[in-house]
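Inspection log for the structure reproduced underneath, given as structure tokens.
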Amino acid sequence: MRADESGPERESREPTHIPGAEPELGGEPTPRGEPGPGFEPGPGGEPAPSRAPFRSRLRKGVLAAVALGGVLGGSARYALGLTFPTPRGTFPVTTFAVNVSGAFLLALLLVYVLEIWPPTRYVRPFAAVGFLGSFTTFSTWMVDTDRLLGHGHYAVAAFNVFGSLFAGLAATGLGLAIGRMALARRVRLAARHGRARRYGWWVR
């Protein structure tokens, strides 16, 4: 053995590799047999079961809720269109009413879901994304506007565009106002009965 390959100098040049003890970025290697950072033991010190199956089931449940809400919302709008058809060349009252009422209901629902009701997994995907998302329609609104322009009803087409926008904004504001009034009332009742809680982000 050569002199330059023995002693502490050799150990400093060639550190012993321990399988399973690779260092993490910016940290020291974890000795083999010891839990690494972020390890959460389960009962009895055993590794906790993976949450991947639960997340997979939750994702499927959310998708199913969105799909079911979409079927019901689209069917409701289609039924309203058949019940209250719009004659060609006239103002599309049904589409206008559907979009404005949908804006109001969505604003009211989100206040209840985010500020009042306890946390849920499926109400928002089902009602907001699924039902109201398919109940309201941007494409039919634009198609109706194009048909009005095609028949030369320019004033009616302009009212359909701008009237829907402003009415939708007003309906959204009304839904938020009603929802927040209900939220403030619940806060007052809870405080009156000695059950004061912190409801919402704006009532503190």
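Sequential numbering from 1, following the chain as shown.
Positions of Cβ are set from backbone N, Cα and C atoms, glycine also.
Swiss-Prot lists 1-53 with the feature region 'Disordered'. Per Swiss-Prot, the feature compositional bias 'Basic and acidic residues' maps to 1-16. According to Swiss-Prot, the compositional bias 'Pro residues' annotation covers 32-46. Feature annotation from Swiss-Prot assigns transmembrane segment to 62-82, 96-116, 125-145, 158-178; the stated evidence is sequence analysis. As annotated by Swiss-Prot, Na(+) binding site applies to Gly133, Thr136.
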Residue numbers, six or more beyond the limits of the transmembrane segment (96-116), whose CB comes under 8 Å of its CB atoms
77, 80, 123-124, 127-128, 132, 135-137, 141, 160, 163-164, 167-169, 171-176, 178-180, 182-183, 186, 199-201
Please indicate, using numbers and ranges, the residues of the same chain that are 6 or more beyond the transmembrane segment (62-82) and have a C-beta under 8 Å from a C-beta there.
94-95, 97-98, 121-122, 125-127, 129-137
Using a Cβ cut-off of under 8 Å, list the residues of the same chain at least 6 residues beyond the transmembrane segment (125-145) that approach it.
62, 65-74, 76-77, 86, 92, 95, 98-99, 102-103, 105-106, 109-110, 113, 157, 160-161, 164
